[in-house]
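Structure first, then comments.
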């Protein structure tokens, strides 16, 4: 029987489609033929797929290079079957490689990673065992290290400070016999004071001359630190009292000890002890004075551990604990105290090579520069915790005086290179002259005190140093005002001389007023005393050096008599 064509022939006419049972006379035979045909098609497709996979799919070794798990990310996979060698992540073909060695390296790296993880976990466990205070202390230590590194990067070189050669004394004698006699009398007074201290108060800070016994005020603590010895050394040397100088040097070498449990004034100890020791060192060259100055300075550094870096007024030399005077405005530090450290601390940095002292005082200066000043004036009180001014009280006398003096002398000490200090001085003096300097009805020039927006027409003995300061700062002043400031210094010297001349003993009072018809005279009973203050004599000395007017020497001799 002929098999009908599977596909219609061209031109053949298809009969109408009949879906009835009569349309499939051989139904079972037709179904068997269709199943065989379908199986044949499936088999053909499978064979075609196999041949295609064999010829067209890539080699499995190529595929492996892209099949990277987490392990291959950490340790790059190397196909050693083709002699590949991994060099820094690049596959180099044609080179042999020791597969065993490679596996050892992989294992070593895994072990190192595992060990690092275990170490980190152990450190974390140890941290958790520590107390909160210990953890905070470690954090603070790390912070301090970072701060110190930043300071090293930002620190500027120290300004030049000319270090003088050994000075010694001038053995020349005055040509004028009258002057020579007066000079010898002053030297005799010094020796009288020293000999009595040597006999009745040796080693104590001070001497009570009437009671003839040693004494110590609270500014030097309760220990025998020989304040009088240290403070007198440079004067003894200049006067040529060499035996007395050597006595003082020997006591300092053997007995001066700063490891005592004693609370002292940072300001007083700086100007009298560190200042006195440095002066003795520069005059004599004796190393012991430098060593002691550096030892003491280290004991004062804890006083600067405040939120602002403004030092406490008092510090315990043993514990390093600091505090401020109870009477100071709201626990404030005092301008004349924290502002009178600059010269000594700069020299300490030069002598030791350690910038810590310089950085401490420069930090104070930078802070003061940033602060607003009422009417351009520096108030006497500054809170070391908040960095804010206390009571608005400005004085060129007590509580403020030597701050202005040190600005000027810092400029001079740097061979006039510290222009920052000179600008601060000039700005301050202009504000002082505008708001505090007045002339009385009797024609006396005086410097009052500014209290909460009002001028108090009172001048203290301490303020009398300003006459010499104005004269010293005349050279280099702004707007060619050298003559003006020299004249202002002379007027202040005259006023202070009047405060002496108008007393019975010809010694000036602690304070004097210019009000209610009273001029250059003490009014209150608690201001009618003289406690050996040197400020008036200091101004006489400066004025004589700048003008050579003999009246200043005469005024000084009046006070000595």
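First residue shown is number 1, and so on along the chain.
Glycine too: its Cβ is placed from the backbone N, Cα and C atoms.
A quick note: this is a predicted structure, and the numbers were derived from the prediction, not measured.
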Listed range which TrEMBL flags as region 'Disordered', given the options 86-116, 117-147, 148-178 | 148-178
Given ranges 37-57, 58-78, the stretch to which TrEMBL attaches the annotation transmembrane segment = 37-57
Alpha-carbon distance [residue 401 (active site); residue 535 (active site)] in Å | 11
Here the 10 Å Cβ neighbour count for residue 268 (active site, proton donor) comes out at 19
Rounded to the nearest Å - Cα separation of residue 464 (disulfide bond) and residue 401 (active site) = 10
Select the most exposed residue of 464, 496, where exposure means the fewest other Cβ atoms within 10 Å, treating these as the disulfide-bonded residues.
-> 496
Looking at the recorded positions 401, 496, 510, whose Cα is closest in space to that of residue 268 (active site, proton donor)?
-> 401
Taking all protein chains shown into account, the Cβ-based neighbour count within 10 Å for residue 401 (active site) is 24
Looking only at C-alpha atoms, tell me how far residue 496 (disulfide bond) is from residue 510 (active site, proton donor), rounded to the nearest Å.
-> 11
Can you name the residues of this chain that are 6 or more positions from residue 510 (active site, proton donor) yet have a C-beta less than 8 Å from its C-beta?
-> 460, 461, 522, 526, 527, 528, 529, 530, 531, 533
